[in-house]
């Protein structure tokens, strides 16, 4: 083992491999360097610095983050690090200083109280422009066949259709990912509905359910929300609950009205906001419409593009929507 | 009454019929009392409801959060551990997976990594396994997942090295000291049965978001087998050998280094194998806190229900698990044969072999360091797109065409078995269930086990999750019954037929190592969001263990016994039921024990597909701040259920053992 390794390797290279195998592009030569960013190479781009972007696990969020990251890297020269995290862990990241921005937040008053009011480590950075809707939905074939099903008053008439092995003789109302706030158990009780809430536990379970309900014409009613990529595949129909009025959901146990409309917003860490660098300006200025998000989400989910490619496609097609987001200077 | 009899170490002689009759009596009394007291004192708790205990746990967690920046424990102790682990993992990643040292690629490219892995397999295992290793590593590139696979491998290896560094010394200690072993046992049980979801979010508070948290999460699950099996290995060393060493005047240290450890080496390698498997099984869950690698691909694909992509990544995890398993198993066998054969035969030949392998590896590493074609996996990864498309097509076809049958199966099991069982468990007052279980444990096992059961059920009440606990218990028991049915039938088949064994075993390996997140969507499509879907997920994960244990047990039955029975004119059915299964009853009992533990490990995954109850409580505790305390309590409740069921099945296994020895 005393033979110097390089000499040994070189000799063996001549012996073992053909000439073409030993030739070829070398690592670090300009032409063939594979795409790999992130680590070093930031000297020219000091102005913007680093942006640590939390990525919450749903496609709509990914669409927001992809576009912001693309603009931050290409227009402002920031170094963007994406961190895949569930909401609660992402907020925790504000307090440990490892997350700069969350770019699609659904309400989360409890987290706002803890991290914005009590710990004072985060601040709000304005709405994303997306309007969130939460409610009960049925597949389109049902709305067509039973037009009056979209009124909650008629739901009891159809309860038998929704019976399953899980619902104990009542109609089944399927709930999804526990990350979303749900008042459904209270709603069923307070609206005197002959239904039982069954907790599916994940978004995948809900979507699989709705997809099958539509293709196989099976009855299903469940909790869903928009904007959501799946709605561009199957246009679910919302059931009308008693209209939401300010404060009608104040007491969680007595709720008997629809969910409030959500102004989806952005949250950033206080340090990031105080530094007020170009990346912060971008995050703060970013707004777009549900249609914009749905389009990018469709690129990712249906067309199976990477988030980066989807963002590039959208940004290239919409240069004038980007302009107002960029820092004034 | 019964007490005096059952505390005896060997069951006292008594009429054979007593036990079944007593048990039947208890069950009958249960049903009668259930009819009378149905619906009373069932302690339900709604999805968002909390008990004062849950609120207190949540508040305690908040206090820890808030003091993170002042507490000296954090500032000095935890932060240094985090820094060390971060550095270590980053270093391993720099070697094989991440661009490093100003280069666009890692230090060692695909050719070099494949070369090193193959060389390790050649030197420590055998040629056949080495070929498998080379093919396995090449497949990561062909599937289009080289970088992701290396990220997973780097994190797994780092976690395994650290786990062994902590686990083997502790294991040796536990092997030498009875007191430490008794002390460590419950802690290790706790680490293995506490669902990861419960401690994942708090971990990022201690170790921040990054490699350290992911590594620690993995280590919590991977250290216990290292400690347990090392301890077992040390205890297995024949006392005569140790005494002989001692009488020759060896110091305790010499005894350990020269006698105990060398003799325990083979079993310790089994521990290494189990540690690797446990670490790899955390790849997907660790991705929830930003751990890089194949787990991330799986989770991302789940967001868009992209079955093909997640199956592709799951397949890479399965391949990695099989390769690592085969290499370490073969290495263990080789240690054993080397020990039997005495000191190295033909040392010169071995030295030549080692030199040649090392030289060839060095060449490959050098090439992969310098040349792009050897650093970055070339080609378009055609295999990956085929796998993706095939998995997509299969999943779609199954969901479209099999639903009628799978739905019928679901209804039969749910209405026929699960619903009635759950109705009795959740409909009975809590004190009735506690009485029945304790009485049954007294009849079937020992007083000690009965006390454990009573304490566990009382704890469940105290945790405020009684009814959810009963729902989970019902599903767990049904799943275990299915696991055992599959385990006995398939296990006997494999044990009797070597060819069946060779065909089925890789499928079992896949079932055990394929992340559940990969097959969530197809099974949701087949069975809907139901408790039965959760049971299926549990069976997929737990049945392989049970099947393998039963198969090994059946194969372990002496050939002479089987031949004698056949010669006496027994039919195959008689041979199985009268000879093979009775003689393998210890293996069957062990299979039931392990099957249960594995089923319980899937409770949280069940919560993602419609099982509700404790699994859902844990998931919502991970997702919602207000429910954090309840999630933690639900995690504890799962540990409590696990403790109770493990105690019961272990006692049953001991009894099977005693009976087998009594009869032989």
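Note that Cβ sites are derived from N, Cα and C of the backbone, with glycine treated the same way.
TrEMBL labels come from automatic prediction, so no person has curated them.
The transmembrane segment annotation in TrEMBL covers B:21-37 (among others).
As annotated by TrEMBL, transmembrane segment applies to B:73-95 (among others).
Among the features that TrEMBL reports, transmembrane segment is placed at B:107-124 (among others).
Look at TrEMBL and you will find B:149-328 (among others) tagged as domain 'ABC transmembrane type-1'.
If you look up TrEMBL, you'll see B:153-176 (among others) marked as transmembrane segment.
The transmembrane segment annotation in TrEMBL covers B:196-223 (among others).
TrEMBL lists B:268-289 (among others) with the feature transmembrane segment. Residues of the same chain lying 6 or more positions beyond the ends of the transmembrane segment (B:268-289) and with a Cβ under 8 Å from any Cβ of it are 152, 155-156, 159-160, 163-164, 167-168, 171, 196-197, 200-201, 203-204, 209, 213-214, 217-219, 221-226, 228-230, 233, 261, 295-296, 298-299, 317, 320-321, 324-325, 328-329, 331-332, 335, 513, 515-517.
Sequence-distant contacts of the transmembrane segment (B:309-327), counting only residues of its own chain at least 6 positions beyond either end whose CB sits under 8 Å from a CB of the stretch, comprise 117, 120-121, 124-125, 129, 132-133, 136-137, 139-140, 143-145, 148-149, 152-153, 156, 273, 276-277, 280, 283-284, 294-295, 297-298, 300-302, 384, 387-388, 391, 395, 506, 509-510, 512-515, 517-519, 521. The transmembrane segment feature in TrEMBL is assigned to B:309-327 (among others).
The annotation transmembrane segment is assigned in TrEMBL to B:348-367 (among others). Same-chain residues lying 6+ beyond the ends of the transmembrane segment (B:348-367) with a Cβ under 8 Å from its Cβ atoms: 108-109, 111-112, 114-116, 118-119, 122-123, 374.
Under the heading domain 'ABC transmembrane type-1', TrEMBL lists B:469-649 (among others).
With a threshold of 8 Å between CB atoms, the same-chain residues lying at least 6 positions outside the transmembrane segment (B:473-495) that come near it are 413, 417-418, 421-422, 425-426, 501, 504-505, 531, 534-535, 538-539, 542-543, 546-555, 557, 576, 580-581, 584, 588, 591-592, 595-596, 598-600, 602-603, 606, 611, 613, 641, 645. Feature annotation from TrEMBL assigns transmembrane segment to B:473-495 (among others).
Counting only same-chain residues 6+ beyond the ends of the transmembrane segment (B:516-543), those with a CB under 8 A from a CB of the stretch are 284, 298-299, 302, 305, 307, 310-311, 313-314, 395, 398-399, 402-403, 406-407, 410, 413-414, 418, 471, 475-476, 478-480, 482-483, 486-487, 490, 508, 594-596, 598-599, 601-603, 605-612, 615. Summarising the annotation, TrEMBL assigns transmembrane segment to B:516-543 (among others).
Annotation comment: TrEMBL describes B:596-619 (among others) as transmembrane segment.
The transmembrane segment annotation in TrEMBL covers B:631-648 (among others).
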Contacting positions for the transmembrane segment (B:153-176) when only residues 6+ beyond its ends and CB under 8 Å are counted: 85, 88-89, 92-93, 95-98, 184, 211, 214-215, 218-219, 222-235, 256, 260-261, 264, 268, 271-272, 275-276, 279-280, 282-283, 286, 291-293, 320
Same-chain residues at least 6 beyond the ends of the transmembrane segment (B:73-95) whose Cβ lies under 8 Å from its Cβ atoms: 67, 101, 106-108, 151, 154-155, 157-158, 162, 206-208, 210-212, 215-216, 292
Long-range Cβ neighbours of the transmembrane segment (B:196-223) (under 8 Å; 6 or more residues past either end): 61, 64-65, 68, 74, 78, 81-82, 85-86, 89-90, 93, 155-156, 158-160, 162-163, 166-167, 170, 188, 275-276, 278-279, 281-282, 285-286, 288-291, 604, 618-619, 621-622, 628, 631-632, 634-635
